[in-house]
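A.B. asks: Annotations for this protein, taken from TrEMBL, read as follows:
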- 6-25: transmembrane segment (TRANSMEM)
- 37-59: transmembrane segment (TRANSMEM)
- 132-152: transmembrane segment (TRANSMEM)
- 164-184: transmembrane segment (TRANSMEM)
- 204-224: transmembrane segment (TRANSMEM)
- 231-248: transmembrane segment (TRANSMEM)
Amino acid sequence: MSANLKYVSLGILVFQTTSLVLTMRYSRTLKEEGPRYLSSTAVVVAELLKIMACILLVYKDSKCSLRALNRVLHDEILNKPMETLKLAIPSGIYTLQNNLLYVALSNLDAATYQWPSDSQLDSKELSAGSQFVGLMAVLTACFSSGFAGVYFEKILKETKQSVWIRNIQLGFFGSIFGLMGVYIYDGELVSKNGFFQGYNRLTWIVVVLQALGGLVIAAVIKYADNILKGFATSLSIILSTLISYFWLQDFVPTRVSLCCQAGVLWRGLGLLQPPTPWFKGFSCLSL
């Protein structure tokens, strides 16, 4: 059963990551009348949806009893404040990462977001400055994601708490950090045009996909590990590129991009090899 969950969650993660990159990029570059939706509010809404979904899953695990649900939430969250506080660190990092991904996809085409390439966009539409901002956002998100993934896996596998309870704790802090970001960076715009300014069907698809990603990543880390999560992400990069080239036709492959693609695939396959004995002594990822 655990092996089945591992591969099912990995497959869903590949689909979710690919879909999120493409739809998020399209939603951030789509030209419509009125203000564009605020990425900071989208991050908060995704966290709230994730909390609601996890509460429903805990409710189901509690045999659909409200009394049992209330007892579980009280015992596992309120009565264990130190365990709950442990999730503040990865939650803050994930919130930063989610905001950075919006910044990256607002300044880069979908292919460049995955790795460096020649863009089809005219230099007037995509300046060197915006490319630099986008690439820096991607790099920061990558480094922060790696640390948060290892930390979160360590927490999940060292305790017996449900992965859904851990996600509720993660979403709670994520919502707080996200609301702080809304107030600091977009407070004036929210006061002027509202919290849900610029939201449409596509925006809600992006938000739901992002919330789903939080659930799937937690399941992958719980039933597989952070290394296989990286492998699934590598596959989604390749899939995104194929879709961009053959279907969306917004990406022209170059030597650099092909070399990077080969490097990503090689790295992903290399991650599946068992670590050496001396490495296992230093890695919290070995099972």
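Indices start at 1 and increase along the chain as displayed.
Using the three backbone atoms N, Cα and C, a Cβ is placed for every residue, glycine included.
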A.B. asks: Which residues, given as numbers and ranges, are at least 6 beyond the ends of the transmembrane segment (37-59) yet have a Cβ under 8 Å from it?
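C.D. replies: Non-local partners: 27-28, 65-66, 69, 72-73, 95, 98-99, 102-103, 106, 162, 164-165, 167-168, 170-172, 174-175, 178-179, 181-182, 185-186, 189-190, 195-200, 203, 206-208, 210-211, 214-215.
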A.B. asks: Please indicate, using numbers and ranges, the residues of the same chain that are 6 or more beyond the transmembrane segment (164-184) and have a C-beta under 8 Å from a C-beta there.
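C.D. replies: Sequence-remote neighbours of the transmembrane segment (164-184) are 38, 40-41, 43-44, 47-48, 50-51, 54-55, 57-58, 61, 72-73, 76-77, 83-84, 87-88, 90-92, 94-96, 99, 152, 155-156, 190, 195, 214-215, 218.
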